[in-house]
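Some notes on the structure that comes next.
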Amino acid sequence: MHTTKDRVRIIDSVVLANDWYLLKKTTFDFLRRDGSWQRQSRETYDRGNGATILLFNRQKQTLLFTRQFRFPVFINGHDGMLIETAAGLLDNADPEVRIRAEAEEETGYRVFNVQKVMECYMSPGSVTEKLHFFVGEYDDTSRVGAGGGLHEEGEDVETLEMTLPEALHAIETGRLADAKTIMLVQYVALRQRVDNDSI
């Protein structure tokens with residue numbers, strides 16, 4: 001029985017770009033199920049691993065989102081102002097430690113009762129990133145700053161609150177179109193349905 005590592009032989013790897021993140025083209029031989037070796041080439045985009053968190057206010061029954069300009073979606077038909085859950089790259093930090101800091105940086109709230117709910121690869125055909133998903137609470141007393149992100153990184157982040165029904169409707173209408181955010185909203189909706197409890 002072959003392990004996956006036994007089925008892959010790296011032939012060559014070339015760096016295509018290494019400006020903001022690392023873009024590489026790798027040529028490798030892959031052992032197919034029929035026993036034959038096939039030469040393939042793939043481009044991979046390595047931007048590091050990340051984390052994201054959906055903030056909820058138990059008292060007000062609201063979810064807190066960010067909204068900021070995203071150039072890649074702007075050039076693909078969106079107005080560019082994407083509604084998202086707070087998120088950021090780990091930069092080798094612990095996922096929970098990093099996402100707590102990122103949430104405070106973007107929203108101005110110090111989150112509590114943080115729980116990890118899953119981790120997954122968001123675009124495994126070309127992007128190496130693994131994303132860690134969290135939920136956590138905020139309330140009016142946990143605001144510790146203005147939020148808005150880091151000016152030096154070009155961030156100009158605003159926040160907006162929605163109820164869970166409003167967020168689900170925003171998914172249906174396409175107003176909420178970010179994959180990680182949709183996954184966390186659906187997670188909360190499913191848990192609410194299964195547990196028959198409030199968010």
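Yeah, the Cβs are placed from backbone N, Cα and C, and that goes for glycine too.
Unlike curated records, TrEMBL annotations are generated automatically.
Binding of Mg(2+) is annotated in TrEMBL for A87, E102, E106; the matching candidate from E152, E155, E161 at the same site is E155. Cross-referencing 22-43, 88-109 with TrEMBL places the feature motif 'Nudix box' at 88-109. In this structure, the binding-site residues under consideration are E102, E106, E155, and the one with the smallest number of other Cβ atoms within 10 Å of its Cβ is E155. In the three-state DSSP scheme, E106 (Mg(2+) binding site) falls into the helix class.
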